Amino acid sequence: MNTPFNNYLTNLEKAAKILNLSEKETAALREPNKVIEKKISVALDSGEQKEFNAYRVQFNNARGPYKGGIRFHPAADISEVKALAALMAVKCATVNIPFGGGKGGVQCNPKELSAGELEKVARAWARAMADDIGVDKDIPAPDVYTTPEIMAYILDEYEKIKGRSEPGLITGKPIDLGGSLGRGTATAQGAVYVLEELIKMLGKEQGQLTVAIQGFGNAGYFAANILHNLGYKIVAVSDSKGGIYNATGLNPVEIMKIKEEQGSVTNAAGAQIITNEEILTCDCDILIPAALDNQIREDNTAAVKAGIILEISNGPTTPAADKILREKGVVVVPDVLANAGGVTVSYFEWVQNRMGYYWTEEEVFAKLKPIMVKAFQDIWRFAEEKKIALRDAAFILAVERIVKAMRLRGRV
Ligand code: NAD
């Protein structure tokens, strides 16, 4: 079954075989170091006391403290959180930043909770996890349906419990509480740095390449905007209600205005309405999934027309689809590389918090670019040399780094 965790295991086993890892070494990467599952209880506005499942999965910390977001979602179960924690360990190693991997969640429907109830959930999560997280231990961040404001509540609750200031406990904070400039656009910007390098390697003219983007949220919208400003032609975008296609190009700022005013990109005039399935197979040079996992699957891959897929969302392509795409000659830039700009600027936030000294946005991006470019080049060269896909190359290089750290610690 294509669960996110099974997809991780498939990629891990491939890497382990090529790296000749021992059974003990591979086994250490099949399961998390620690799984924390707790019940948290919150008084709702109605006066009712409600229990929620709260999680933190600490996958691997051989390369540094656990790092990864907290998701508030009805489907945030332990299996999903485990997969996301594993991918964080691989992602941090892919871009070579000194963190391990972790992930957290609360199984709840944030759309049914008031702002006050969400604050209580955040504070209860912090109380439940206070002894397991920390600036040198495990550093959470936002993920689906959690925001800088939620990070502020978690930080505040944690600092009250510990009786000290510790801004580096958590990243993705509001700027006024020690958040980093540039964090909002970092994921999209990092992905664009990688795409530009890839286009150079492929010897393509960046000029009028056409782009389709599934998901017009934080990551998808900023990617559309940055690419539009660089001269790419954005021909299709979508949100949860559907998508639009216009071969002559769309202006992301105008489309966002319509989405904000009328609720969806599909209300834009003068474009053809398409479904979220059709956007994956529309006429374009570059396809950017920036919404959900498991979108590009065995059943729809044959119809994909793009020559490049830039995975901004986590886990959008199944392993079976990956195989077909490679046979078709489609270059897939894997999530662990393409969207790693976000965690890299989270790392910068943690560094700035520890120094108590803050960088300008220009400084942040000047530091982000070489990290993304180097990660891409290492992966590209390795993939060319071994005649393997970029995802396999990224996994192998990352797993090699994690295992090296585990060996140095005498853990395997
Ligand atoms: P977001 O919530 O801001 O945006 C998600 C977008 O997807 C919205 O436009 C929403 O309408 C759309 N969407 C929801 N359901 C959809 C569906 N069925 N079909 C098509 N679109 C749908 O989220 P985000 O922060 O932009 O994250 C998007 C993806 O990128 C996620 O997979 C996330 O894990 C990944 N990612 C984000 C970051 C980051 O820094 N934001 C970092 C790394 C990875």
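Glycine residues also receive a Cβ, built from the backbone N, Cα and C atoms like all the rest.
Not measured: the values here are computed from a predicted model.
Taken from TrEMBL as is:
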{"type": "BINDING", "residues": "Lys67, Lys91, Ser346", "note": "substrate binding site"}
{"type": "ACT_SITE", "residues": "Lys103", "note": "active site, proton donor"}
{"type": "SITE", "residues": "Asp143", "note": "site 'Important for catalysis'"}
{"type": "BINDING", "residues": "Thr187, Asn218", "note": "NAD(+) binding site"}
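Among the recorded positions Lys67, Lys91, Lys103, Thr187, Asn218, Ser346, the residues whose Cβ lies under 6 Å from any atom of ligand 1 are, in sequence order, Thr187, Asn218. Of all Cβ atoms in the shown protein chains, 30 besides its own fall within 10 Å of the Cβ of Lys103 (active site, proton donor). Between the alpha carbons (Cα) of Lys91 (substrate binding site) and Lys103 (active site, proton donor) lies a span of roughly 12 Å. Set side by side, the binding-site residues Thr187, Asn218, Ser346 differ in how many other CB atoms lie within 10 angstroms of their CB, and the most is found at Ser346. Here Asp143 (site 'Important for catalysis') is positioned 11 angstrom away from Asn218 (NAD(+) binding site), judged by their C-alpha atoms. The two recorded residues Asp143 (site 'Important for catalysis') and Ser346 (substrate binding site) have their Cα atoms spaced 12 Å from each other. Listed in chain order, the extra residues whose Cβ falls within 8 Å of the Cβ center of the substrate site residues Lys67, Lys91, Ser346 are Gly68, Met88, Cys92, Ile97, Phe99, Gly101, Ala141, Ala340, Gly342, Val343, Thr344, Tyr347.
Note: Lys67 (substrate binding site) has non-local neighbours Met88, Cys92, Phe99, Gly100, Gly101, Gly102, Asp138, Ile139, Ala141, Val343, Ser346, Tyr347, i.e. same-chain residues 6+ apart with C-beta under 8 A of its own C-beta.
Summarising the substrate site geometry, the residues cited as binding it (Lys67, Lys91, Ser346) extend over a maximum Cα to Cα distance of 13 Å.
Lys103 (active site, proton donor) sits 18 Å from Thr187 (NAD(+) binding site), taking the CA atoms of both as reference points. Neighbour count (other Cβ atoms within 10 Å of the Cβ, all protein chains): 28 for Lys91 (substrate binding site). Residue density at Asp143 (site 'Important for catalysis'): 21 other Cβ atoms are found within 10 A of its Cβ, drawing on all protein chains shown. Secondary structure at Lys91 (substrate binding site), as computed by DSSP, is helix. Lys67 (substrate binding site) carries a strand DSSP state (E or B).
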